[in-house]
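Right, one structure below, let's go through it.
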Amino acid sequence: MSLIINNDDEDEFVEKQMLNQLSQENYSPVRLRSFINHYGTVRPRISTKNRLKNHFNKFYNTLNCLYIINLLFDRIPIIRCLKEYNLRKNLFADIMSGMTVAILHIPQGMAYGMLTTLPPIHGLYVSFFPVLLYMIFGTCPHLSIGTFAVISLMTAQAISGTPLQSFNIINNQSYVASNIYDEIIINEKVGIATTLAFLVGLIQLILSFLRLGFLTVYLTEPFISGFTTGVAIHVFSAQLPSIFGIKSPRGIQGAFKLPRFYFKLIGSIIQNINWISTVIALTSIIVLFTAKQLNDRYKSIIRIVIPSELILIIIGTLISHFTQIHNFHGVSVVGPIKQGLPSPTPPPLQQISYLIMPAATIAMVSLCISISMGKMFSRKHNYKVSSNQELLAYGISNVVSSFFQCYPSSGSLTRSIVQEGSGCKTQLVGGFSCIVLGIVIVALTPLFYSLPMGCLAAIVIVNMKGLLFQIKDFFFYYRISFLECVIDIGLYAGLCTSFLINTIRTQKPHFVVLGQINDTEIYKNVKLFPVAHQYDNIKILRFDESLYACNSPFFKRKFYELIGIQLRQEPLISYKKQNLNKIENIKYNYVILDCSPFNFIDTVGVKLLIEIYNDLKKRNIQLYLSECRYGVRRTLELMNFYGKTAPNIIYITTHYAVMSIRTESDNDLPKMTIATQI
């Protein structure tokens, strides 16, 4: 008997009628209460005191010296990296990747350092110290930590929003030389930036110690896409004064800041444009854009990324130095840069009250950017990124670096993509990058005195291209779900509390194994219904909630756990007989996921199902879905789920899926499926 629902006459009401008719043909109706009384069992209720006692007993039984040592070693991932390092396979690739990324760090560090209103050398410091620390404590080898335009701009805003105490000192003096005046202002700004980095790192460490890494699941792809696109527009706007060789408009705060900024900017451009600076900047943009297009087109042939940004800086510096355009045409240049690594100095904390809110915002934004990129690379290269360990790495990087004149650091998308594409293998790539940057900071910084500011602005703008083009994602998410493309921000405590309570409830719902009740078509939780029968080669699972971004990490972990696949790493020092990373002897050839509780599924959930399907297929396990609602099936089709998995893996009921699998195994009954076309 084959049951197919076509595209034209599919309707939820018709579907329910057919299910009722099919159910009545096989068994007589049974009331829910009598059914539970006859077949089910009542689980004993455990008091809170006994639950806590059982929990502590379980923890105490696993506590021993080797367990503690392994726990500490897991907090320093570089130890595992060094233990498992393959010199022949990884060393050359890590060295080349480290040198390639270091070449990108130099121009971007200087450009983003200027974006914070600090001297460019501080951008190079951020490209050195946090990278070295993240190499020790980080878990994502493809993530390039250091300067990032978004964080640099937010740092500049925090500095501008903090009153400078040196103004009072200067105003009380009858005469202060301009160079001394500038040095006093710069020193205070550096102190504000280092205090900000210290607070950002402290917040991230607190989140790590409280094991609040799970909060990152609320940073969904639509949110990240919309947020970074908006910030990219602000970063682009901040570079326009350097492009046209004018001073940036100041004192613009409050609502409609960006339109008022452009109103003042256009007036300044009309009156004070520097045509030489404009030509230099526009030429730099064209050259960089063309070079990056050629890199993308011929990367499979060349296999080496052309360092177009470094080449631009070298050529721009040489031309500016020999033509003296700064003196003759008033073109803004970088100017003198400190030479050498700074000595450790504790950040001043006098103005901490002004920086708490900016620090909290920057901590969450940098966490959002860095962990989202880390998860992207982990999915692509099939390794694990721990959110709590990443929080620890970011926190240590920012706190320690704040003692070396660094402002807050973050992951960079452009450098991370280059780091991945240049053949990075392990975390040691950060060490090789720091060797090159250390040489530059110690010996080569005076060579960049004559570099035009327009070249640095061009580097920032071209690197923002990918983020600016994310605006097209709005239309994609609008087709999937209107709610995913609109983010409504509320500030009322009651609404926030209600939101958190409801989302936390859906983050870790019940995930159960089902079995068949006698010869009926009813499948129930095997723990609550001991008489429920499980087939030898079939595992039936049910996830009692809709699948979306917030509960997808729990879904994946629990799914593999229920089918007997452990995804945990084995300890560096073995202290148990069993191997934690060993896959158990899996006797299931088929897994059926009952999707009847799914009211909806978002883009993250669909991508996770595709990932699990392909992973199980490699393990010779076939995944089927059953009882998917119309809205769920529509989202699956819009995400091209069937093209990336198989066209006929969804069954109208769980029982039909079981019977079809048994028929396929016995090869004696026709297959009964529901068509997945909408």
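Even glycines carry a Cβ here, placed using N, Cα and C.
What you are looking at is a predicted structure, and each value in this text was computed from that prediction instead of being measured.
In TrEMBL this protein carries:
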| type | residues | note |
| --- | --- | --- |
| DOMAIN | 528-661 | domain 'STAS' |
| TRANSMEM | 91-111 | transmembrane segment |
| TRANSMEM | 131-156 | transmembrane segment |
| TRANSMEM | 196-219 | transmembrane segment |
| TRANSMEM | 269-289 | transmembrane segment |
| TRANSMEM | 301-322 | transmembrane segment |
| TRANSMEM | 352-371 | transmembrane segment |
| TRANSMEM | 430-462 | transmembrane segment |
| TRANSMEM | 474-495 | transmembrane segment |
Original post:
Any contact between the transmembrane segment (301-322) and the transmembrane segment (352-371), i.e. 3 or more CB pairs below 8 Å with pairs at least 6 residues apart?
Top reply: no
**OP:** Quick one: find which recorded stretch in 91-111, 131-156, 269-289, 430-462 has the most Cβ pairs under 8 Å with the transmembrane segment (352-371).
**Re:** 131-156
**OP:** May I ask for the residues of the chain that lie six or more residues beyond the transmembrane segment (91-111) and have a Cβ under 8 Å from a Cβ within it?
**Re:** 85, 120, 123-124, 126-127, 131, 144, 146-147, 304-305, 307, 309-310, 312-313, 334, 412, 414-415, 418-419, 422-426, 428-437, 440, 448, 451, 456-457, 459-460, 463
**OP:** Work out, from DSSP, the number of helix, strand and coil residues along the domain 'STAS' (528-661).
**Re:** 48 helix, 21 strand, 65 coil
Original post:
Any residues 6+ beyond the ends of the transmembrane segment (430-462) with a Cβ under 8 Å from its own?
Top reply: 94-95, 97-99, 101-103, 105-112, 114-115, 120-121, 124-125, 127-128, 131-132, 134-135, 138, 145, 149, 235-236, 239-240, 242-243, 245, 277-278, 280-282, 284-285, 288-289, 292, 309, 312-313, 316-317, 320-321, 325-326, 331-341
Original post:
Quick one: mean pLDDT on the domain 'STAS' (528-661)?
Top reply: 85
